[in-house]
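**Student:** What follows is a structure written as structure tokens; I'll ask about it next.
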Amino acid sequence: MKKYILSLDQGTTSSRAILFNKEGKIVHSAQKEFTQHFPKPGWVEHNAQEIWGSILAVIATCLSEADVKPEQIAGIGITNQRETAVVWDKTTGKPIYNAIVWQSRQTVEICDELKEKGYSEMVREKTGLLIDAYFSGTKVKWILDNVEGAREKAENGELLFGTIDTWLVWKLSGGKAHITDYSNASRTLMFNIHDLQWDDELLDMLTVPKSMLPEVRQSSEIYGETIDYHFFGQNVPIAGVAGDQQAALFGQACFGEGMAKNTYGTGCFMLMNTGEKAVASEHGLLTTIAWGLDGKVNYALEGSIFVAGSAIQWLRDGLRMFKDASESEVYASRVESTEGVYIVPAFVGLGTPYWDSEVRGAMFGVTRGTTKEHFIRATLESLAYQTKDVLCAMEADSGIELNTLRVDGGAVKNNFLMKFQSDILDVPVERPVINETTALGAAYLAGLAVGYWKNQDEIKAQWHMDKRFEPTMEAETSEELYAGWKKAIEATKAFK
């Protein structure tokens, strides 16, 4: 009896295996962290073999601890840290260099060169992205340019490229399936999101041979099966793939045009489903593919906030203001307001809609009466203000007024933050019962492909709310607070 769907959630710091049942509930999960490599300042790399090892370990742990047999798995869904690039040898299956992580800035010079050559507009039109070190394309070029013999091997068709999803499907299938899905392909800087294919002009710009690239498939279909020696003698369908943020949008059942979710992790990622049309952004958002399903493609607008949960970690570890992140809520609630204090946590620059990598963090409005409580509250409020910046851009680009924001991620446990978020947006905020929406989204995509779930309506019915936060703040007050934030942003940008 095929009782479960196994979701593999390959993140930036750890890999997880999560078993879901028919009700979309978590049966069991296992997690394993892996090593972060920082060869030079600003560079971030992972060992792709270690990632693969961590995936095998969490699968084994999860199944054995849950006492679930491999033959009880109906299908496998994969969700992954996006943009991270792996290049490996087709014959040996060994990576020729570490995986270059999405956060890594080692290709900034390549990006500057491409911008100087005037490619920005073409890239924007075809991919919906900006020329930035964040995306995979320049990482692949860097590997081909910097690893001895790599370019020659690539030209001879001896190397393969993949984002993490591609690498894992290739390994699980014993090298039989070299695929990615629309959502991951749309983050590479090499994929035309309108024609839905790898783009020759973009590949020429990056000097990446087409033979390296995976086949691009829907986010929900059977790509292949696990090879028996990697899955305890069983051939289980690998049937769903989506990048982490798109998987979360699916896991939140944001299937309708204009529905949006915000994930509060290390940073924040807000995605709005724009239906079957790609909306070009005039306000610093990315246009991306949400998923491909049943022969149709859904698009999304995406806003990225670089510092969210990491600002709370900074209060805990850097400033030692509390021992546990959950205490931030207690401190913030002890004061009525920040008394005019604003904190702009631009520790690594500002993301959407500013896209300023030079700017650094700042604080404003500090007086002799400012206390630890004010400081903590101002830091939490900064997450909500940054989210409003993104939402304003989304509403302006899409012409859609948001009526509810669904939220997930670590920081959503903080009731103070969620209530303030609702107040400052003047929109209800809904927190789901199952916060593991990324893994759930991948499970749903796989389950639909193997007939474990019938359709999206069945999935929609499984979405249950834990708590709804309603806005109660006077409009005048929230407008005044937000105007102060905008002033703080302008002042921060001026100080370089």
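Placement of Cβ uses the backbone N, Cα and C atoms for every residue, glycine included.
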**Student:** Hey, Swiss-Prot has ATP bound by Thr12, Thr13, Ser14, Thr266, Gly309, Gln313. Any idea which of Gly118, Gly162, Gly174, Gly410 it lists too?
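**Tutor:** Matched candidate out of Gly118, Gly162, Gly174, Gly410, per Swiss-Prot for ATP with Thr12, Thr13, Ser14, Thr266, Gly309, Gln313: Gly410.
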**Student:** Which of Tyr134, Tyr182, Tyr299 shares the glycerol site with Arg82, Glu83, Asp244, Gln245 per Swiss-Prot?
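**Tutor:** It is Tyr134, as the record lists it for that site.
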**Student:** Taking the Cβ of each of the binding-site residues and counting other Cβ atoms inside 10 Å, which one has the highest number: Ser14, Gln245, Thr266?
**Tutor:** Gln245
**Student:** Using an 8 Å cut-off from the Cβ centroid of Thr12, Thr13, Ser14, Thr266, Gly309, Gln313, Gly410, can you name the remaining same-chain residues around the ATP site, in sequence order?
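**Tutor:** For the ATP site, the extra neighbours are Gly11, Gly265, Ser310.
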**Student:** Would you kindly give the Cα-Cα distance separating Gln313 (ATP binding site) and Asn414 (ADP binding site), rounded to the nearest Å?
**Tutor:** 14
**Student:** Fewest other CB within 10 angstroms, which one of the recorded positions Arg16, Arg82, His230?
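**Tutor:** Per-residue Cβ counts within 10 Å for the recorded positions Arg16, Arg82, His230 bottom out at His230.
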**Student:** Find the one among the binding-site residues Thr13, Ser14, Tyr134 whose C-alpha lies closest to that of Thr266 (ADP binding site).
**Tutor:** Thr13
**Student:** So, in DSSP terms, is Asp244 (sn-glycerol 3-phosphate binding site) helix, strand, or coil?
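**Tutor:** Looking at the DSSP assignment, Asp244 (sn-glycerol 3-phosphate binding site) belongs to a helix.
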**Student:** Please state how far apart, in Å and to a whole number, the two most distant Cα atoms are among Thr12, Arg16, Thr266, Gly309, Gly410, Asn414, the recorded ADP-binding residues.
**Tutor:** 24
